[in-house]
Amino acid sequence: MSISSDEVNFLVYRYLQESGFSHSAFTFGIESHISQSNINGALVPPAALISIIQKGLQYVEAEVSINEDGTLFDGRPIESLSLIDAVMPDVVQTRQQAYRDKMAQQQAATSAPASATGVRNSNTGKRTDNHADLMEVDGDVEIPQNKAMVLRGHESEVFICAWNPVSDLLASGSGDSTARIWNLSENSTSSSTQLVLRHCIREGGQDVPSNKDVTSLDWNSEGTLLATGSYDGFARIWTKDGNLASTLGQHKGPIFALKWNKKGNFILSAGVDKTTIIWDAHTGEAKQQFPFHSAPALDVDWQSNNTFASCSTDMCIHVCKLGQDRPIKTFQGHTNEVNAIKWDPTGNLLASCSDDMTLKIWSMKQDSCVHDLQAHSKEIYTIKWSPTGPGTNNPSANLMLASASFDSTVRLWDVERGICIHTLTKHQEPVYSVAFSPDGRHLASGSFDKCVHIWNTQTGALVHSYRGTGGIFEVCWNAAGDKVGASASDGSVCVLDLRK
């Protein structure tokens, strides 16, 4: 048997990623030099660490169940081992002795043997409790299998997906070092036509797979080009036909986020190297690099075609403008890592969410936050503004903000009044993604409980639900508002058809 520290570190790194501890994974990956290992991540299946731990646990349970002479006990151990039990010193001897004592007591007892009914009832009750909320979403709201298309092709977890803004093309990015473009239009020759966008690096005079995760992607507003960001430190621009148009290389480490501006002439990226970069989309050249954060930059969002905001693990938010050599505004107030930032449709208000469990609203007109929204009980992973109110296609509807948290809830906020109007509580595990439908009437949410829920934003009612085969990392709506895409930890991409 051979175990290297590199192999252990890689499995721990993947476990942190798959469990949603993205910032911890970034830090651990850097400190343990994951990028320098020779392990091909595309060949390592999801949940590999958990799988091997479970096998070890089963081995210890088998040891407990065997006599010194190699024969089995008359029955099984009274209860299965927990992981902590299994690593305790002398666990085999201790559990075997406890089992012998129990058997001796049962044989000595004059009364009838204790029934196991209580244990079964207890277990049954526990199972019922675990699925109580899941049962509530069955029936009318459950999306039938014939309305759910599962797209297979990725060989590792799929971190992100995004619909083309003008056609039914769905892009996805994965830990298998590829992005894929799936053609889901009615006139597609096959329901699962896919283009594979292999992310390669130049090595020894030839292109070889980077073996690094593709963790960010964004379509330009015309739907003609797709930008991707990878842990290999490169951003890339692809045509919608899957051809590589240009490679953008100036970051000194993984890229965590990237966005096209509305005009489509610039791409903005954020990286572990603490910098953000504006790229010329036509030439592939870096227009300006902004080195203002003191720790990895986690997210970026354009306010206009040349002004943007960035957030970081340094707890700060900077607003920067092309051509300016320092931030035009800095917002401070969060007490932990700032995970995501989003400008409202008018570009007047900036929302931010953090590991400090708060959601804050900022204005360029003042230094302190306009609202400090505190209701979540765990880290807030992401936020989205509704496409409603002034400056949108739905000007008569009220503007809302959605927040997704590791406390398993989604909250809808009335930002003008600074209050939570709905708390959406059907998820069982951390919620990683939320997305509004184009008309703002519905909200999709995706959680590591493998469920995609569709909610009515006015009433907070659950209207559709789908349970997939892996934890959900991302959800997104197509431009027509009749399909929801979801990417999952088991390598699947789901497309839910919400048409009647």
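Every residue gets a Cβ built from N, Cα and C, even glycine.
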Feature region 'Disordered' in TrEMBL, mapped to one of the ranges 104-130, 185-211: 104-130
The repeat 'WD' (373-423): DSSP-derived helix, strand, coil residue counts: 0 helix, 23 strand, 28 coil
Folded-back contacts onto the repeat 'WD' (151-192), same chain, C-beta under 8 angstroms, at least six residues removed: 14, 17-18, 41-46, 198-199, 209-219, 221-223, 226, 228, 230, 232, 238, 240, 242, 470, 473-480, 483, 485-495
